[in-house]
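Asks: Pulled from TrEMBL, these are the listed features:
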- HIS550: active site, proton acceptor (ACT_SITE)
- LYS520: substrate binding site (BINDING)
- 22-34: compositional bias 'Low complexity' (COMPBIAS)
- 250-456: domain 'Nudix hydrolase' (DOMAIN)
- 1-59: region 'Disordered' (REGION)
- 224-247: region 'Disordered' (REGION)
- 348-378: region 'Disordered' (REGION)
Amino acid sequence: MRTALRRLGRQPASPALCRPQRPAARVRCCVAAPGQSLSSTPSAEANAPQPEARSPDAGLVPPVAAAEALEQMPFYSQFPLDRKAEWRKDVTRLNELFARPDARLLPLLRDKVLVRPAPATPADAPGGSVAPPLDPVFLSPASAHSELVAQSPARPFLGLDGQGRPYFAAAVGSPTVAEEIAAAHPGSEWRSARLAGPDLAPGDASLLAVASGLMLWHGSNAHSPVNGERAESDPGGFSRRAAGGGASYPRVDPAVIMLVTAGRPIAPGATTGEFALLGRKSEWPTDRFSTLAGFLELGEPLEVAVAREVEEESGVPVELASVTYAASQPWPFPRSLMVGFHARAASSSGAGNGAGPGPSTSGNGVPSSSGAGARQWWQPPRDATGLDLLPNLGRRAAMDVGLFAEEAEEALGGLRGLTWPHADVAELQDVRWFHRDWLRTLLRAPGGAAVVQGAGRFNVPGRYSLAYRLITSWAGVAAHGGPQPVPMPAGLAAPGGAGGEWEEAEAVPQVLLSADGTFKYVLMRLWDPAPEVSGRSKLLVWGDVRAPYHNDVLQKAKAMARRLGLKVSPLGGGRIHHDAAARSISVYGYSAAFGPAPHEVAAALIHRWYPLYDKEKVSVSYEGY
């Protein structure tokens with residue numbers, strides 16, 4: 001187990017969750033030689049055939065036709081050039097390409113690339129979308145910088161773009177030269193290829209990342225790893241060879257990155273569950289959670305690495321047969337390949353009904369059922385279904401108020417056999433389950449992040465990351481006008497895709513509680529009276545510190561439902577004590593008007609929408625009023 005991948009794989013490069021979709025591209029040029037203005041760029045460049053208007057995701061580098069087919073691939077997978085690998089040993093051809101007046105040279109300062117602000121987005125951009133904020137800076141003609149190339153450990157030939165222009169790269173040998181190059185291109189600056197990438201178009205970011213990783217490899221492999229002799233770059237720049245023979249090539253370190261799910265299927269016929277396992281490292285921003293990941297060990301299959309890494313980091317076992325390939329993404333910072341998977345957690349062995357001591361009292365005087373040996377709301381019997389998921393008091397309350405067995409199943413069924421994670425503190429600061437409904441709501445929130453009551457903000461890596469693709473494909477969300485996420489593999493996706501949502505019900509919060517204090521709450525059924533959708537319903541848990549009576553809470557919900565053509569029925573109630581500072585919620589008591597609600601159902605739904613509260617901090621009791 002190594003922490004390097006988690007650090008490089010999910011460190012945010014931009015505070016936004018993702019960028020909006022971009023408008024039609026502008027024809028723009030950013031290829032002046034030192035000392036030249038853009039207007040004095042060589043005539044061959046100025047007179048070159050101009051690309052047709054394109055999606056701005058295509059960026060400054062016109063992609064070849066084969067690259068255009070990669071537009072739905074993960075961000076760094078969209079390499080825009082024809083690599084022409086068969087030309088890499090042809091010295092004469094490469095020299096001719098380098099001497100062409102339209103040849104572009106990409107300067108690199110260790111792991112840094114030269115970028116500048118992109119032209120402003122046109123005011124008439126479709127949908128109010130924006131273009132990538134950065135463009136790469138290329139030096140053209142490349143032959144005007146032969147002195148720079150001579151000081152570089154290699155001159156990699158990167159390929160041809162969609163207009164047939166050749167691209168090369170070279171390392172800048174000193175900070176002084178780097179400053180001179182930047183000064184010759186007003187507004188430009190040197191930035192880490194990794195941090196600049198999310199602010200570039202995908203093709204541009206991929207090209208710069210590959211060039212950066214390749215040049216870092218050349219810089220650290222000046223000598224043969226076999227005999228220590230001086231090694232020279234081959235003409236194409238993709239290998240090095242010592243005088244005594246023997247070639248070395250850039251190494252690629254494969255790593256697995258996986259979205260592990262558990263609980264009830266997200267839809268009939270789907271094999272992925274309703275909960276996703278996400279974790280965070282201590283060095284990340286406080287709002288950042290992501291999928292788990294790790295490097296392969298020697299001689300280890302990818303599927304086994306998925307299961308091993310998840311169990312090592314979280315204590316959650318994985319069903320090996322469920323590990324299914326999703327997508328891959330180069331991560332050349334400096335030389336990794338992220339291989340993405342979906343997987344399902346193995347069910348825990350479960351426990352019996354656990355007849356333990358009766359409810360105790362929490363420190364705030366609110367009754368709690370957390371006595372040693374008591375079965376908690378998050379521990380329903382593994383083989384139970386429907387109302388049998390509830391303990392005796394909860395079952396009795398459910399029957400009294402008319403809770404359907406299907407409703408108990410929906411709220412508590414996903415917890416059957418669920419293995420609750422425990423973070424390996426050497427790897428992760430926190431790891432926990434997040435419900436799909438909650439994540440879908442947050443991913444659809446304006447700005448890409450949402451405030452979590454009592455817990456600050458929540459975010460996942462941006463659309464440049466494979467983690468984002470894995471999470472959004474499972475959630476069925478194409479957030480903020482971005483491209484449709486990578487589809488889930490056959491057999492994992494819900495039949496009919498993510499359509500058929502009950503939009504009216506989604507507009508009604510399932511859990512709506514006062515941010516702090518002690519107040520009355522009501523468990524309710526939101527249902528659709530239209531005969532053609534008979535039986536369509538959704539449970540609500542609402543509580544308001546301003547409501548003097550349980551009926552006030554009910555009437556508030558009815559008013560909202562009425563505007564949507566829906567109805568609400570009470571299913572009992574009680575009280576809630578919410579301590580936002582301590583991230584704790586106690587559910588207890590009864591309603592004189594509606595009877596006691598089955599509090600385990602309420603607790604399960606509350607925790608679904610307060611996932612950053614530890615489950616032990618959401619307690620249930622039938623005592624008190």
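Glycine residues also receive a Cβ, built from the backbone N, Cα and C atoms like all the rest.
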Asks: List, by number or range, the same-chain residues at least 6 past the region 'Disordered' (224-247) whose CB is under 8 A from its CB atoms?
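Replies: 85, 87-91, 94, 153-157, 169, 214, 218.
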Asks: Looking only at C-alpha atoms, tell me how far LYS520 (substrate binding site) is from HIS550 (active site, proton acceptor), rounded to the nearest Å.
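Replies: Taking the Cα atoms only, LYS520 (substrate binding site) lies 6 Å from HIS550 (active site, proton acceptor).
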Asks: Mind giving me a neighbour count for LYS520 (substrate binding site)? Other Cβ atoms within 10 Å of its Cβ, every protein chain shown.
Replies: 23
Asks: Looking at the domain 'Nudix hydrolase' (250-456) alone, can you tell me the average pLDDT?
Replies: 86
Asks: Would you mind listing, in sequence order, the residues at least six apart from HIS550 (active site, proton acceptor) in the same chain with a Cβ closer than 8 Å to its Cβ?
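Replies: When sequence neighbours closer than 6 are ignored, HIS550 (active site, proton acceptor) has LYS520, TYR521, VAL522, PRO570, GLY573, SER591, ALA592, ALA593, PHE594 within Cβ distance under 8 Å.
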Asks: Reported in the order helix, strand, coil, what are the DSSP residue counts of the region 'Disordered' (224-247)?
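Replies: When I sort the residues of the region 'Disordered' (224-247) into the three classes, I find 0 helix, 8 strand, 16 coil.
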